[in-house]
Amino acid sequence: MTDSKKYILTLDEGTTSARALITDKQGNIIAVEQSEFTQYFPKEGWVEHDAIEIWNTQRSALVQVLNKSGIDPSQIEAIGITNQRETAVIWNKETGLPIYNAIVWQDQRTADYCQTFDKDTLEMVKQRSGLIINPYFSGTKVKWILDNVPNARQLAKEGKLMFGTINTWLIYRLTGGEVFVTDHTNAQRTLLYNIHTNDWDDELLKLFDIPRNILPEIKSCSEVYGYTFKGLFSKGNEQRIKIASSIGDQQSALFGQLCLEKGQVKVTYGTGCFILTNTGEEIVKSNHGLLTTVAYSFKDKVYYALEGSVMIAGAAVQWLRDNLRIVYNAIETEWYADQVKDDRRVYVVPSFTGLGSPYWDSFSRGAIFGLDRGTRREHIVRATLEAIVYQANDVVDAMRKDMKKPIEIFKVDGGAANNKFLMQFQSNISQSKVIKPTNVETTAMGAAFMVGLAVGYWENAEELKKTYKVHFELTPELSKPEVDKLIKGWKVAVQRTFKWVEEIE
């Protein structure tokens, strides 16, 4: 049995910040440290990060969480990584430096290119990758960098470039450049991975004109990849720690919520909103605008999921605060929403960077419908929170159709899961029970569980289940006819934003 004074260290690299968390054997979070990094918007629809800044902030969070907790690096059993997916970095193998900023998952610069493929090609890509051709995924971002950064194609030809999503970049840096790997969940989100062979796909590489030699080796989500370099924690500290997990953030939340059985669903409310349902070892093809994705993997097995990705969720609340300036902070939104009824039927469609699942419309843009002279700030705040729910419900409804079964319970996490108004409205609209765990750090816990299983810190899923505690459960308070009326208004509103950019140009 592992010593109880040993801990798991998880690096949670998100869209706006890098975090480090220390977990004990009972699943308690001992300490958390967070460092924000800069968002770059060089052109309309473009979103970039500085990969060096990401590394520096992640390393800073790692060192600070150890200092803050008083835990020595020698007490860390192993390190796991969970990360924002799809964000693409290409760096020079000889210098270790990026040749361009990391292009973020939200970036839309390749939207026009994604419209150039014929129906047969789109179907081939979906069949092989489980995904659709969309700017969201890494493949078109990688192509853009290779095509637009001077000399990039030549350097790739000479074998001097390396591509990775953020997990690969961090593992490379943490190991001092010794290890160049990714995991099944992150690899699959590139558009370059075959979900049937669980390897890079030559046809997809050819389609996007991406050389195989720049790609990392694919490993499972739960195994030892290598060790941290000497001096990572401080100049005099030569401790080397195992890196034993890598998993995309949404898949990590699914595992952290212990949705380990087929049909179990989790909803994460972060910058975007991401809904996954476990389909076990079965690859389920969606006919309703969802993605087939890898849920998680071990050395001997790969598990799959259906996923719906909503581009704007918590970011809509940031928009209320930072752009419209009608709330001072996110916490206030719950109070404002409770001040008014929904009888004015105001709808906000926050498609600021297009619509994700199940619509997949890169040319939609945000809109507010149903305004009249009586509309107040409270109505707009309420409608913005409701929009997060409506978008999540569109995905849940598609899952019901693809799975051909009801979804009666889903587990929630993420910052907005603390908003009781939003969670009750989610239960109402989806006509399902909503369960929120006491430990809201489910994304970090998923990676921690993966690490623990890899190194024997936890023996099996039954041990993991003992760490899960429920904070609250909510059940629907509206009837189905009432809900149907509200959803009808949402459907009209969202459809009126379709193809907006295309139609006005």
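Cβ from N, Cα, C; glycine included.
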Which of Tyr136, Tyr296, Tyr303 belongs with Thr15, Arg85, Glu86, Asp249 in the sn-glycerol 3-phosphate site listed by Swiss-Prot: Tyr136
Those binding-site residues, out of Thr15, Ser17, Arg85, Thr271, Asn419, that come within 10 angstroms of Gln250 (glycerol binding site) at the Cα: Arg85
Coarse DSSP state, helix versus strand versus coil, of Thr271 (ATP binding site): coil
Rounded distance in angstrom between the Cα atoms of Glu86 (sn-glycerol 3-phosphate binding site) and Asn419 (ADP binding site): 28
All-chain count of other Cβ atoms within 10 Å of Gln250 (glycerol binding site): 27
Spatial neighbour of Ser17 (ATP binding site) that is closest, considering only the binding-site residues Arg85, Tyr136, Asn419 and their CA atoms: Arg85
Distance [Cα-Cα, Å, rounded] between Thr16 (ATP binding site) and Arg85 (sn-glycerol 3-phosphate binding site): 13
